[in-house]
């Protein structure tokens, strides 16, 4: 039996059975031929529904089509979703932006000498090499006399040069004497689509597989993003220099790099929802279609996964949180990832009319599922390896629906069992840690620094 | 900067200057190639590649000295007599009884008994007691009861190198078995009645099935080419009730080249992701690993699910056949996934059935075309399985890496020579020590903390997915880049969990003791409290030791152009080696990671007893034989 209510697609193989399998409606493409509907879901799942009768099949297809392409944000699921355990408006103020910026600001002004990381979009130098006094002064105020700063341009030098023709460009050395410019970055193209195609292609042999993996260049992007983030972190940590990161619009790669570098410097930021996260996701996805958007948020999550693999003790959360964030960024019952920017979200009254994903995740029962049992707080900077040998394909995501993860899940359960078996004697300290972050999440940033 | 020593057994490089003495020890038998590179301003570089995938670059100021070292190393790395090998001088300070005990740890008769043999269908045959039928087979061979000596001898004459079909694994639940042999000398049309009877006998030994699979692990083209030389494969028309199957695993030459190509990729300086993936694909290595795995999975399925016996062969039946039989056994029988069982498996399918260790791993100077990473591939297959089934194996990755190391090290006698016959002639068991005893003694280091004998993954057959699961096969940086510590996960889950497990056990024991005491001393509460606080203290210590993050927080170089080769040399890894390994002292005693002056049993201790001057722990010039020439150089 197939039921197509407003939001979720419900499918039950046995009529009259009480159990319904929840299937996400976030469809990408619909291909129907001779009574078969293929659903390609945004979470990379592929479903095939055999529908007897051509007409019925077409009807169902058009219903799904219509329901999966809701135009208005206000008609989307988060505006209707009302879980019993949550109250509206809860969680939206857990991590107020102002507080975060206040903190950063106080750091910059009070502690002065500590390195700060700034982000912006490209300067509008243009072909005539325009200058802007105010911009130069603004950057000048960050640096004291004799101090050096790094500008990390997340575009390649080539791309930056091209941008000059359209009015954009780079900071000329002569106008910004204290800053050193570094170019990093590659265009992120159809990697993601190609990779998913390759993963779903069951007919290829070993040779072709590595070839496809290479040609989709996804792992190259992961490596590039990681090393750029490391570079930024290194500039800050080792050289104690200030860093300004910008790409073309200051929304995509820029966010990726700053978020990652922050992650490197301070891993606690994700404690169920740092505003960085939010902003990053907003720019990368919104409700736009995959073809128009680059999966930057996914790239970011992949990078975090690479970190968790290289530093199994250093992240407080496990793979499961990353997967949940990925799913929710694409299609969610929560309003957290809706819209493109703060302005749009105010217009849609997102905070008033939807629930926050962070509030959901922060419930004690939920929270536990996402924690890394091996977590040991490590206040120092972690320096991952960015050599190709150390970077792996994130199987848990790209093969989530293709291979069985039973044996790996069992291993995870075993780890949990071992660590928890060990817990009683140290329960106090662990318990403290948990309850602290639960009861007072806003106090968190101070702890981290 | 440092001093280089060449001794009878090791190349030792001692670094000057640093407060802690840093030594790099390399066994001569580990040296795979030595390359003199173009002289630079700083001196003459010498590149030493090792069989355990360590790469060392020495820069020697004087060209003349460099040449001397080069010539000496070439001689030292290529011994011509077995007696020159390290195991004949290696002395772990065990007495005769302990040594004998060590050799008895793995007993193949006991293993066949464990399988349930001899029984109504299978028996031990003494037809090869003086190696009279087949000199590369063991003296004790298990064959179907209905196979008479006449049939065996007849069959052996129709098989390459007279390697007749013999039992490798028997599944007592359903009587299905895995037998192994070499290719038949069938040419284009030859037949042999006894050989046909032999296969019939194997089929009859499994009454539940009316046919057997004959698996030729070679590519069909290779097998067909062999027919022109009077060899070939079984014709289904001549053998009743067989199903014949080719599984295209390439030969030793293809595998040698493949590894070579992959190692070139590993050695690239700051490769891009594309360079790496392209190189990996181009090497074909993972494709070959998958082919071996697929063959093993096919056989395991035939035995476990269909209950059909399988005869496996390749050309001579000592390379691909050994790989495939042991992978299949490993999948079928949880025993082989225990530490002891794995030793037994290698002893059974590799050592006793005449895998040519000496030729394949170049222990003595020989034909370079004979060298091929056959057992390395098997060891990698096991690692790939460990990645897929994290709870299924009693041992950990370190165990595999150490076995690989010792296959090349010649420190223990287990893997010497090409056959049991040669080993007996050399009296290996009386003159050398067994690796298995050494590993067993240090088994705490090799435990997989996730292994539990009552876990579902440790029961029955491992059901690994066959094609199209290419993505399951991953590059093993823990092996091929093992001396570049910067590439590996900087925090060891295994070690941490092992410590947690140990601690839990300790606490449980303590708890038990305390419980008893509590019962006894219910009146004196004071005492009890004291103990409890002690208990807590202990657990705090553990937390401290595991959260030592100095490893994780070692910065790397991220601007590509800055990285030069020496900075990636293993010496970099040494500093990082110090943290995080919890039971460091224990580990070191068994760690063959020679880059970190850790190899106690092969190291200082041994040299001091070889050095006639006695006192000093450094090798000195007068340490005996010609080959002992020691070169002192400031590098």
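Each Cβ is built from the backbone N, Cα and C atoms, and glycine gets one as well.
According to TrEMBL, the protein carries these features:
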{"type": "ACT_SITE", "residues": "B:314", "note": "active site, phosphocysteine intermediate"}
{"type": "BINDING", "residues": "B:251, B:252, B:314, B:315, B:316, B:317, B:318, B:319, B:320", "note": "substrate binding site"}
{"type": "COMPBIAS", "residues": "B:528-537", "note": "compositional bias 'Basic and acidic residues'"}
{"type": "COMPBIAS", "residues": "B:542-572", "note": "compositional bias 'Polar residues'"}
{"type": "DOMAIN", "residues": "B:102-480", "note": "domain 'Myotubularin phosphatase'"}
{"type": "DOMAIN", "residues": "B:283-327", "note": "domain 'Tyrosine specific protein phosphatases'"}
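Projection of TrEMBL feature records onto the structure.
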residue: B:251; record: substrate binding site; CB count, 10 Å: 15
residue: B:314; record: active site, phosphocysteine intermediate; CB count, 10 Å: 28
residue: B:316; record: substrate binding site; CB count, 10 Å: 19
residue: B:318; record: substrate binding site; CB count, 10 Å: 25
residue: B:320; record: substrate binding site; CB count, 10 Å: 27
By a three-class reduction of DSSP, residue B:320 (substrate binding site) is assigned helix
Would you list, in sequence order, the residues of this chain other than B:251, B:252, B:314, B:315, B:316, B:317, B:318, B:319, B:320 that have their CB within 8 A of the centroid of the site's CB atoms, where the site is the one recorded for substrate?
B:182, B:217, B:218, B:321
Determine, to the nearest whole angstrom, how far the Cα atom of residue B:314 (active site, phosphocysteine intermediate) is from the Cα atom of residue B:251 (substrate binding site).
9
Using DSSP, break the domain 'Tyrosine specific protein phosphatases' (B:283-327) down into helix, strand and coil residues and give each count.
31 helix, 4 strand, 10 coil
Distance in Å spanning the most remote Cα pair of B:251, B:252, B:314, B:315, B:316, B:317, B:318, B:319, B:320, given for substrate:
12
According to DSSP, does residue B:251 (substrate binding site) sit in a helix, a strand, or coil?
coil
